[in-house]
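Chemist: Straight from Swiss-Prot, here's the annotation block:
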type	residues	note
BINDING	Gly81, Gly83, Arg84, Lys103, Asp115, Gly116, Arg166, Arg173, Asp254	ATP binding site
ACT_SITE	Asp244	active site, proton acceptor
BINDING	Asn245, Asp254	Mg(2+) binding site
Amino acid sequence: MKFKQDFFTQLPEFYAQVYPQGISNPHWLAWSEDVAKLIDLQQPTDALLQGLSGNAAVEGASYYAQVYSGHQFGGYTPRLGDGRSIILGEALGPQGAWDVALKGGGPTPYSRHGDGRAVMRSAVREFLVSEALHHLGVPTTRALAVIGSDMPVWRESQETAAITVRLARSHIRFGHFEFFCHSERGQADKLTQLLNFTLKQHYPHLSCDLAGYKAWFLQVVQDTAKLIAHWQAIGFAHGVMNTDNMSILGDSFDFGPFAFLDTFQEDFICNHSDPEGRYAFGQQPGIGLWNLQRLAQALTPVIPSDDLIAALNQYQHALVQHYLMLMRAKLGLAERADSTAEQDQQDLELIGRFTVLMEKNQLDYSNTWRRFGQLDPSSAHSSLRDDFIDLNEFDAWYQAYQTRLGKVTDIEAWQQARNSVNPKYILRNYLAQEAIIAVEEGNLAPLERLHQVLRQPFAEQVEHEDLAKRPPDWGQGLIMSCSS
């Protein structure tokens with residue numbers, strides 16, 4: 001790997017230098033060829049294994065943990081930072097630079113009495129979800145590899161340490177700006193310094209002045225809205241939408257007790273530590289705005305409040321428009337040129353009626369959408385009908401749907417288009433759990449198989465049909481712990 005060290009050299013007060021502590025008996029558990037190409041890596045070598053496991057130095061790496069704060073479950077925590085993630089620097093590749101981080105690389109000054117380690121199950125889950133979301137077309141950080149060990153660590157019980165090698169376009173979070181506004185009061189110069197760095201690195205078309213800052217914040221609002229529209233359309237619950245887990249670039253970031261929906265449930269909670277459902281699936285759009293408001297609050301020393309409010313007021317429109325675009329594609333509805341607010345509302349109601357039907361009839365979210373690939377939209381009798389209990393309610397919806405759809409001339413092309421946006425394969429929690437159990441037993445084949453299938457989520461892959469089925473009773477709607 002070839003590195004540049006812009007964050008390390010230009011923002012010395014934004015991190016602590018810390019070196020990883022190696023794990024014993026490191027070995028590859030997973031490797032992504034797709035991600036390796038992003039930073040010009042060819043294959044997983046033993047020398048690379050030693051470097052990424054913290055047992056040897058990586059040439060050109062600087063090793064540091066960033067400091068930030070954040071709102072966690074609505075309350076402000078003044079000092080967080082990378083408690084177990086150590087960044088090597090920005091690795092250069094054909095499509096630009098990527099931060100390379102060792103998640104689980106050992107304790108840092110921000111570990112807050114933690115051991116700085118990640119357990120194998122959480123490392124595997126982060127690897128799988130990073131790659132699954134990417135191949136579904138959802139903005140996300142990436143995962144190069146999972147490195148296992150025989151090092152014991154203790155959570156609810158004894159587990160084994162592992163490292164996820166994460167790649168990110170940037171590790172700058174909402175919480176970085178919060179730290180230098182709230183926790184380090186009177187540090188407006190640091191906010192400006194961080195803003196200028198962010199613009200030069202990721203928004204070079206914007207000027208480092210008030211006009212540029214205003215345009216940048218509006219872009220953050222729009223990117224965040226688009227990200228959450230993706231989550232809602234694909235049926236993804238993040239689980240821990242704290243402001244320190246929000247990427248400034250609108251990428252899915254810092255995965256813990258996430259879940260893809262099995263049976264559609266608007267109020268689904270995937271996080272065992274969230275009994276009140278603050279971060280439930282249906283709450284994510286509102287939390288996205290709440291988090292942006294916290295970011296705006298942190299930016300008031302450098303951007304006037306009126307300008308911040310004006311940008312925040314664009315959030316709902318951006319969210320709805322992107323959500324409509326994604327959902328119209330899932331349903332096969334033509335995009336309306338210059339659609340009116342009334343027409344958009346009609347489409348939202350049509351979509352909402354269908355998801356309510358899915359919830360009332362306890363239908364699998366992804367599999368139901370996939371069925372549109374076999375639907376003859378010109379037929380008065382829908383092949384979906386047998387999935388529903390309340391046939392009168394479904395028939396009323398289907399009639400409204402056909403009216404909005406209009407005439408379809410090439411049914412086969414229409415069906416293929418539905419299969420290109422409605423995935424057959426998603427990372428169901430029970431599939432991840434089965435792969436983790438197999439790894440614990442020394443069998444990497446299920447993990448590799450699942451990884452490869454998730455690289456082509458829209459393809460039929462008939463030899464892997466079992467991975468597209470609804471989960472068994474034990475695997476339905478699994479709720480995960482935050483411990484990792």
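Backbone N, Cα and C atoms are what each Cβ position is placed from, and that goes for glycine too.
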Chemist: Between Asp254 (ATP binding site) and Asn245 (Mg(2+) binding site), what is the CA-CA distance rounded to a whole number of Å?
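Modeler: The Cα atom of Asp254 (ATP binding site) is 6 Å away from the Cα atom of Asn245 (Mg(2+) binding site).
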Chemist: What kind of secondary structure is Asp254 (ATP binding site) part of, going by DSSP in three states?
Modeler: coil
Chemist: I need the most crowded of these binding-site residues: Arg84, Arg166. Count other C-beta atoms within 10 angstroms of each C-beta and give me the top one.
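Modeler: Output for this query is Arg166.
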Chemist: Can you check which residue among the recorded positions Asp115, Asp244 has the largest number of Cβ atoms within 10 Å of its own?
Modeler: Asp244
Chemist: For Arg84 (ATP binding site) and Asp244 (active site, proton acceptor), determine the Cα separation and express it in whole Å.
Modeler: 14
Chemist: DSSP secondary structure for Arg166 (ATP binding site), reduced to helix/strand/coil, please.
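Modeler: Assignment for Arg166 (ATP binding site) reads strand.
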Chemist: With Asn245 (Mg(2+) binding site) as the reference Cα, tell me which of the binding-site residues Gly81, Asp115, Arg166 is the closest one.
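Modeler: That would be Gly81, nearest by Cα distance.
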Chemist: Assuming the binding residues for ATP are exactly those in the record, Gly81, Gly83, Arg84, Lys103, Asp115, Gly116, Arg166, Arg173, Asp254, what is the maximum CA-CA distance in angstrom, rounded?
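Modeler: Greatest Cα separation within the listed binding residues comes to 23 Å.
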Chemist: Sequence gap of 6 or more, C-beta under 8 Å: which same-chain residues meet both conditions with respect to Gly81 (ATP binding site)?
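Modeler: Counting only residues 6 or more apart in sequence, the Cβ neighbours of Gly81 (ATP binding site) under 8 Å are Ala16, Ala65, Gln66, Val67, Tyr68, Thr108, Pro109, Tyr110.
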Chemist: Indicate whether Gly81 (ATP binding site) is helix, strand or coil by DSSP.
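Modeler: DSSP call for Gly81 (ATP binding site): coil, neither helix nor strand.
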